[in-house]
Amino acid sequence: MKVNDSVENNVNKNTVYSEQVDVEQEQKQEKKSSLKYIMLILACLLMFGNNYSFDNPQALQRQLTQDLNISISKYNLMYTAFSFPNIFLTLIGGVIIDVLGIRVAILGFSAIVVIAQTIIAFGGFFKSFWIMLAGRVLFGTASESLLIAQTAIISKWFRGKELSTAIGYIMTMPEIASAANSFVTPTIYDHFNGLTYPLFFSVFLCFLSFICGVVLCILDKNNDKKQKELQFVYKDNTSEKSEQVEKVSFKDIKSLNGTFWILILICTLSMGSYVPFLDDANDFLQEKFEFSYVQSGRILTLTYLAAAITSPFLGPYVDKVGKRRFFILITCLFFSVTHFLFGFMKQGYHDQPNWFSIIPLIMLGMSYSLYCCVLIPSVQYVVQQRVIGTAFGILGMFTSTSMALFPILAGYIVEGATTKEEGYSTVGFFYSGVSVFGIIFTISLYFFDKQSSIILDFVNPENPTKKEQEILKNIKQENNEQLGVFEDIDDDLLKIEGEENDDDENIKNDGFWEKNQRYLVSSKGFSTPKLAANRAVHERSGSLYY
């Protein structure tokens with residue numbers, strides 16, 4: 001009896017202890033979940049002042065050209081000056097994020113944004129175009145890198161099926177900021193009859209976003225400390241070697257696969273047909289559809305609000321169903337049809353604005369929402385986490401190129417036309433044609449790079465289901481047959497990126513390498529760390545051979 005009682009007591013104690021552990025784990029999970037949402041809100045507010053200030057020229061297009069006595073081409077230089085430095089600097093900014101850390105990047109770049117907008121505001125105070133242009137150059141060097149840092153920290157906190165949802169919410173706030181700028185900035189100008197007050201109000205908003213960035217970094221640092229306390233840190237030769245492998249350098253660009261570069265081109269064309277168009281949208285609506293400048297500013301809010309409203313719904317839906325290649329195709333189709341409507345629609349009738357132009361304006365916002373919820377997360381799914389900053393630096397370099405060149409081309413098209421109405425119609429057709437190339441590149445994902453892009457259709461690309469793994473296996477087998485290779489591939493060589501291959505004898509065997517180096521690639525397109533460290537197979541991993 002005593003033995004049975006003792007056993008029963010021990011069982012009860014173990015049961016109570018396990019229940020206490022479960023309760024503690026649930027509490028920790030709830031706290032972590034709450035902290036994630038706080039981080040999400042702060043990350044949204046981090047870019048509010050930046051996005052509000054970026055579109056200041058668009059909201060004051062007519063006023064700037066009159067007060068500063070400049071042409072449309074000179075006006076477009078304000079956006080070219082913003083984008084041109086990023087052709088070269090976003091890649092460096094991405095590497096800085098990977099090397100120095102996300103928190104240092106957020107604090108540094110957000111502080112530069114405040115300083116740059118202050119210079120722009122003083123340029124408006126002195127009515128000096130060149131001071132404002134210098135401020136826009138500095139603003140651009142920090143703004144795009146800050147966006148990369150924001151995306152990097154979101155991808156750190158939200159992974160897998162949560163990523164598109166988080167990006168959807170993240171992209172809502174900038175659109176609200178842009179909508180607020182289109183509505184508030186002209187109102188402030190009319191009230192004070194000058195550029196000074198609306199531009200300094202933007203400085204105030206940039207400073208508030210900087211404060212949000214400080215709080216964001218503090219919370220992230222505290223969370224990292226808690227995580228380290230819960231883990232055992234072993235410092236031995238193995239860890240030192242792995243740390244050497246994990247160092248970031250420009251050589252990592254070679255390991256980026258074909259799907260990544262196709263996605264980069266699609267993003268470049270999509271952003272090239274969205275941002276540069278909105279740069280001139282205020283004057284576009286006035287000249288082509290006969291709206292007043294106040295009406296134009298207020299109607300433009302529909303584009304931003306459409307993106308802000310649809311993003312929180314599209315993000316979770318994409319995370320739920322996957323099929324990202326199909327949604328990328330829909331995105332490019334939306335952009336192309338939208339700009340075709342802008343070019344095709346006629347002027348207003350009987351001195352009344354053409355209110356039907358609201359339809360493509362709303363479609364444009366929905367197109368951008370799709371871009372944010374589908375294309376941006378897709379880029380993160382096809383690169384390693386440790387080079388996420390570098391990858392987005394490359395993305396920023398390409399998109400900045402399109403955002404620097406397209407406004408100049410649009411300006412020449414308008415100035416070379418017989419009338420502004422004719423010129424802006426041609427601009428609409430031009431951007432529609434640009435989006436058609438995006439459609440072509442998207443289709444190529446289905447045919448020319450299917451083996452590495454198929455993961456984009458998975459619900460969770462980082463953790464495929466058994467059915468999805470079977471799809472991957474079948475595609476690998478088809479590729480082997482096309483290459484004339486019919487022998488089985490060792491499953492241990494196809495482990496998910498980040499796992500180690502324990503077969504040291506095979507790694508050291510040159511004959512083994514000659515036989516298998518075309519297959520030593522993971523399902524994400526990257527050779528495993530040990531293989532990459534021992535051989536140059538990672539230089540070929542971009543093609544994802546099996």
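Think of each number as a place in line: the chain as shown, counted from 1.
Quick reminder: no glycine exception, Cβ is built from N, Cα and C everywhere.
Now, the feature entries from TrEMBL:
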{"type": "DOMAIN", "residues": "39-450", "note": "domain 'Major facilitator superfamily (MFS) profile'"}
{"type": "TRANSMEM", "residues": "37-54", "note": "transmembrane segment"}
{"type": "TRANSMEM", "residues": "77-97", "note": "transmembrane segment"}
{"type": "TRANSMEM", "residues": "104-123", "note": "transmembrane segment"}
{"type": "TRANSMEM", "residues": "129-154", "note": "transmembrane segment"}
{"type": "TRANSMEM", "residues": "195-219", "note": "transmembrane segment"}
{"type": "TRANSMEM", "residues": "259-277", "note": "transmembrane segment"}
{"type": "TRANSMEM", "residues": "297-314", "note": "transmembrane segment"}
{"type": "TRANSMEM", "residues": "326-345", "note": "transmembrane segment"}
{"type": "TRANSMEM", "residues": "357-376", "note": "transmembrane segment"}
{"type": "TRANSMEM", "residues": "388-409", "note": "transmembrane segment"}
{"type": "TRANSMEM", "residues": "429-448", "note": "transmembrane segment"}
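Taking the domain 'Major facilitator superfamily (MFS) profile' (39-450) as a whole, pLDDT averages 83 in the prediction. Distant neighbours of the transmembrane segment (297-314): 58-59, 164, 168-169, 171-173, 175-176, 178-180, 182-183, 185-186, 278, 281-282, 285, 291, 357-358, 361-366, 368-370, 372-374; these residues of the same chain sit at least 6 beyond its ends, with a Cβ under 8 Å from one of its Cβ atoms. Within its own chain, the transmembrane segment (388-409) has Cβ neighbours under 8 Å at 73, 76, 79-80, 82-88, 90-98, 102, 105, 140, 144-145, 147-149, 151-152, 155, 248, 250, 252-253, 256, 260, 264-265, 267-269, 271-273, 275-276, 279-280, 379-380, 430-431, 434, counting only residues six or more beyond its boundaries. Between the transmembrane segment (104-123) and the transmembrane segment (357-376) there are fewer than 3 Cβ pairs closer than 8 Å, counting only pairs 6 or more residues apart in sequence, which means the two stretches are not in contact. Highest Cβ pair count under 8 Å relative to the transmembrane segment (259-277), across stretches 37-54, 77-97, 357-376, 429-448: 429-448.
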